[in-house]
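Asker: I'd like to ask you about the structure that follows.
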Amino acid sequence: MSSRKHLANAIRALSMDGVQQANSGHPGAPMGMADIAEVLWRSHLNHNPANPEWADRDRFVLSNGHGSMLIYSLLHLSGYELSIDDLKNFRQLHSKTPGHPEYGYAPGIETTTGPLGQGITNAVGMALAEKALAAQFNKEGHDIIDHFTYVFMGDGCLMEGISHEACSLAGTLGLGKLIAFWDDNGISIDGHVEGWFSDDTPKRFEAYGWHVIPAVDGHDSDAINAAIEAAKADPRPTLICTKTIIGFGSPNKSGSHDCHGAPLGAEEIAAAREFLGWEHPAFEIPADVYAEWDAKAAGAEKEAAWNAKFEAYAAAYPTEAAELKRRLNGELPAEWEEKANQIIADLQANPANIASRKASQNALEAFGQMLPEFMGGSADLAPSNLTMWSGSKSLEANDFSGNYIHYGVREFGMTAIMNGIALHGGFVPYGATFLMFMEYARNAMRMAALMKIQNIQVYTHDSIGLGEDGPTHQPVEQMASLRLTPNMNTWRPCDQVESAVAWKLAIERKDAPTALIFSRQNLAQQERTAEQVTDIAKGGYILKDSDGKPELILIATGSEVELAVKAAEQLTAEGKKVRVVSMPSTDAFDKQDAAYREAVLPSDVTARIAIEAGIADFWYKYVGFDGRIIGMTTFGESAPADQLFEMFGFTVENVVNTAKELLA
């Protein structure tokens, strides 16, 4: 039987070799954390390489994602569908082993990591989802949801502000099945961290309410094992402080930043092999080492035991079992489509001139009755974002059966936690803040788009229309930023009907995040036929049309649709042929076929005006260089909203005059 150190050295060898072959990468962290990984993966982690989607598996997140050869080595050695050739293709085009772990490439990768601090935050979301799902479905004698979330993280993760947001909330909510390992190696890219990171990290986490196990030798298997056992037994989230040597095994580069982010070089790898007593050529693992790492039989046994538990649960609680399966499969209720469409039709038949943020709350109220999988929240703005509805019940440390999270003022943390909730499964997460403060959360939304996962954000107070709070709170460029993000759904509805359609599509869209952008001020409901209501889902549609071919097209979104309609009425009265296009979602419109887009925006009608209280430049792709844009080109001002709209040209008079200039 191989020693634990020898089994850990298999990780070190593969990590050295993979980085060397790619001629780029980070060997230091995998070599430093190999002993911890060996103990965790071989003695504690419940997983099944043959079924990486097993619902009750433990989750493992490598928050210090630059050390990706660590997780690739673990997956390969444990028996996942990740071959030695995949490891040889590390960092190569179209490989399953990209430079940072990416969700959806190699089986067993739970989340995309690399932007430091977001992995630990995703893990908080996963642990939160586990605790909530357990509270909703477990019964006495039937602990059907019962798993841990383990995280590796480095000094960089802890320096990032998002780690404070996430770990503070994790302590408050008592996420006892979250166990984090701090790779305390004292090194970052610039060198020894004491010059820029001298926090007392154990005391920091104690202040959060975590269970802290300090000063664990990260190269002592028995000490690591004892720490994990203690962590699992404690009802609080645990930080295991593991003192490690970066690049352990490299005789001349370990303990320095020289091994952090560059290949060791052939000479140093040979020296490391000799130092570690690893006598095998590059990418060669002996059969006995493979045999001791192989987790397939043990994993199949663990999953089979859980399947038997689930069968007993289903026999005792058939309704709950069916509902849990539906939610874990990401399926919507059977009556969803019919009921949701009826809700939208009823809204069109019963006009209400309300703020679209209120329309959003009404949509939550209507759809929420069908969706026990909703897991809502707001970054301390629930009364403003209007994200709570009659069925909302707040999560508390001692009662996790609810469906609403008070995230506090933590926009970035909230959004990345929601990514973890979505990745875990069983929930449709939505969060909220003012549109302006999506800036704090932007990278987590980008990660959701990159991972192709569901993350619904309610962004209210969407323009200068919020008024007196001024330019610090008035978004200008944010809508364009969201729209320009690949695989992001962005909706800015003009009334309660478009708002409900946007919500319906966001709930249905499992492979992308959605930004729902809503107004503070009241908006007039527009008249529509049933066909027009159907066309809302296409992102852009003809709301008002001219008799005969239009000579001018007004394109508007959100609060400016009402303005476009009024201007069109005046121009029509003066004999102009004007079409109004409501375009709540440019990305949805862009996905329509060419025939539909041509029908809405005929290419031979070049007199076009886009009207939106956001950055003007975005709209040239729709109006062309010969068109006009009534939008924002500066930041806003502090003043009542009506004065600001007038000052910045969002008036019927300005639209009419601009149209006449264009048609002259």
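Including glycine, each Cβ sits where the backbone N, Cα and C put it.
According to Swiss-Prot, the feature substrate binding site maps to His26, His260, Arg357, Ser384, His461, Asp469, Arg520. The site 'Important for catalytic activity' feature in Swiss-Prot is assigned to His26, His260. What Swiss-Prot records for His66, Gly114, Pro115, Leu116, Gly156, Asn185, His260, Phe437 is thiamine diphosphate binding site, and it gives similarity to another entry as the kind of evidence. Residues or ranges marked as Mg(2+) binding site by Swiss-Prot on the basis of similarity to another entry: Asp155, Asn185, Ile187. Residues annotated as active site, proton donor in Swiss-Prot: Glu411.
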Asker: Between Pro115 (thiamine diphosphate binding site) and Glu411 (active site, proton donor), how far is it from one CA atom to the other, in Å?
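Answerer: The Cα atom of Pro115 (thiamine diphosphate binding site) is 16 Å away from the Cα atom of Glu411 (active site, proton donor).
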Asker: How many Å separate the Cα atoms of Gly156 (thiamine diphosphate binding site) and Ile187 (Mg(2+) binding site)?
Answerer: 9
Asker: Which one is closest to Ile187 (Mg(2+) binding site) in space, judged by CA to CA distance, out of the binding-site residues His26, Gly114, Arg357, Phe437, His461?
Answerer: His26
Asker: Hey, how far is Asp469 (substrate binding site) from Gly114 (thiamine diphosphate binding site), Cα to Cα, in Å?
Answerer: 36
Asker: Using Cα coordinates, what distance in whole Å links His260 (substrate binding site) and His66 (thiamine diphosphate binding site)?
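Answerer: His260 (substrate binding site) and His66 (thiamine diphosphate binding site) have their Cα atoms 9 Å apart.
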Asker: Using Cα coordinates, what distance in whole Å links Glu411 (active site, proton donor) and Asn185 (thiamine diphosphate binding site)?
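Answerer: Approximately 30 Å lies between the Cα of Glu411 (active site, proton donor) and that of Asn185 (thiamine diphosphate binding site).
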Asker: Same chain only, sequence gap of 6 or more: which residues have a CB within under 8 Å of the CB of His66 (thiamine diphosphate binding site)?
Answerer: Gly25, His26, Ala29, Gly99, His100, Gly114, Gly261
Asker: What other residues of this chain sit with their CB within 8 A of the center of the CB atoms of Asp155, Asn185, Ile187, the recorded Mg(2+) site?
Answerer: Gly154, Asp183, Asp184, Gly186, Ser188, Val193, Thr244, Ile246, His260
Asker: Please report the Cα separation of Asn185 (thiamine diphosphate binding site) and Asp155 (Mg(2+) binding site) in Å, rounded to an integer.
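Answerer: Asp155 (Mg(2+) binding site) has its Cα 8 Å from the Cα of Asn185 (thiamine diphosphate binding site).
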Asker: When you tally the Cβ atoms that lie within 10 Å of each candidate's Cβ, which of the binding-site residues (Asn185, Ser384) has the highest tally?
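Answerer: Within the set of binding-site residues, the most crowded position is Asn185.
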